[in-house]
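Database features (TrEMBL):
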DOMAIN    352-490  domain 'GGDEF'
TRANSMEM  10-27  transmembrane segment
TRANSMEM  33-50  transmembrane segment
TRANSMEM  62-86  transmembrane segment
TRANSMEM  98-114  transmembrane segment
TRANSMEM  126-143  transmembrane segment
TRANSMEM  163-181  transmembrane segment
TRANSMEM  190-212  transmembrane segment
TRANSMEM  218-235  transmembrane segment
TRANSMEM  256-275  transmembrane segment
TRANSMEM  281-302  transmembrane segment
Ligand SMILES: Nc1nc2c(ncn2[C@@H]2O[C@H](COP(=O)(O)OP(=O)(O)OP(=O)(O)O)[C@@H](O)[C@H]2O)c(=O)[nH]1
């Protein structure tokens, strides 16, 4: 028989046995009832252990923390059973059951605040753990300070049950918050189980504590058995709960910010209650709450700032790769086109002088065919560097690789005559590289031809016409024998 089939039956049997015990109310009803609850927690523990073994690695710590919380619960009920067995007024051993209930709640808070995915997780988890442990410690301390050891009065019992209500509701609210912010299905499964158990535990414990104040019956003892039984049944199921639920980014981020705030607030609240009786400890705890909250925020802010910096660098290098030619380091076609459009707008709107030139390496196909494509790349790279350095010497000149072995030059605020002079100087620099090119007669070294055109309002109605004029001038230079400058009609 499968686990999910036999578990509800065993829990039902144990519950039936407990009902029989509390209804018949023999002399040792309390002891037997607690022993049955211990048995239920024992079975639930086994199911939780099995679940932790089956879970994916990154989720395993959650199940292990829950396992420890259940161990603490089991220990608390075992102590209650031992207490019922000896029938003493106080407790049997030095540590009373309240301590174990506190430890169990602390561990569930730790599970709900544990965040393995965050990049600064090691430190934030440590801070959250310290806060949760301080809350549990203060809570336990408060129980003993506010409640004298002999205090079994109805007022003291009411105080005790209110304190436990507060603690249980805090755990349940915390687990629900994490459930709402769980993106992964396996994490959501854990927090569904934890939140269901925490709410049920809070309701049953609250109801039990009030009912035993109001009646002499043992029947409220049944309420102790409901949370472990329901938890065990949930643990034995394999199905994923809230399958269709996907938290928004806002919910996830809000929860992440609320967790440290809620922990610090709870610690401060408990410290304020403790302030009149233990002022030093209370002040230390308030200070701890403030420092821990501040340190956690500082950690996260520092992390976000460094992520933002990395993003900025990445964005810049991405932008560069979009507008820069890898081989020559010049602006690529997209980059030079963008610069050209901006310059064109300025020329049209503000009447600034504008000239463009197309430059093309002569017989570059023959160069590639003779020396190979890699040598061709080296040649393009050397020509590109020469044009880039040469352009630096003249204000308002931008050079880009327009495509293949063709370069586009942009002269802003430069008259046609002057633009021609600069192109000639740049062509001379290319020739000055003295790169061997046997197929390029008569120089037998790499040379370039160019065509220049200046913007004229009446003649060039759009950018394409200006580029076409420069291209035609280049064509004329090629046709006239290459290694020269062609000028568009002015
Ligand atoms: N090595 C290399 N060659 C390229 C690159 N881009 C284009 N080319 C080559 O450049 C050559 C251009 O040849 P053509 O357009 O026929 O012009 P050309 O041989 O220079 O002749 P003219 O322009 O008339 O002087 C082609 O062989 C292309 O393969 C590149 O990035 N690297």
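The backbone N, Cα and C atoms fix where each Cβ goes, and this holds for glycine too.
Only residues 6 or more beyond the boundaries of the transmembrane segment (62-86), in the same chain, are considered here, and those with a CB under 8 A from a CB of the stretch are 28, 30-31, 34-35, 37-38, 41-42, 44-45, 48-49, 51-52, 55, 92-93, 95-101, 103-105, 107-108, 110-111, 114, 187, 190, 193-194, 224, 228, 231.
The average pLDDT computed for the domain 'GGDEF' (352-490) is 94. The stretches the transmembrane segment (218-235) and the transmembrane segment (33-50) meet in space: the count of Cβ pairs below 8 angstroms, excluding pairs fewer than 6 apart in sequence, reaches at least three.
Highest Cβ pair count under 8 Å relative to the transmembrane segment (126-143), across stretches 10-27, 33-50, 163-181, 190-212, 256-275: 256-275. In terms of C-beta pairs under 8 Å, the stretch of 10-27, 33-50, 163-181, 190-212, 256-275 lying closest in packing to the transmembrane segment (98-114) is 163-181.
Only residues 6 or more beyond the boundaries of the transmembrane segment (190-212), in the same chain, are considered here, and those with a CB under 8 A from a CB of the stretch are 55, 59, 62-63, 66, 108, 111-112, 157, 160-161, 164-165, 168-169, 171-172, 174-176, 178-179, 182, 219-221, 223-224, 226-227, 230-231, 234-235, 241-242.
Residue counts for the domain 'GGDEF' (352-490) under DSSP (helix as H, G, I; strand as E, B; rest coil) come to 62 helix, 34 strand, 43 coil. Contact count against the transmembrane segment (10-27) (Cβ pairs under 8 Å) is highest for 33-50, out of 33-50, 163-181, 256-275.
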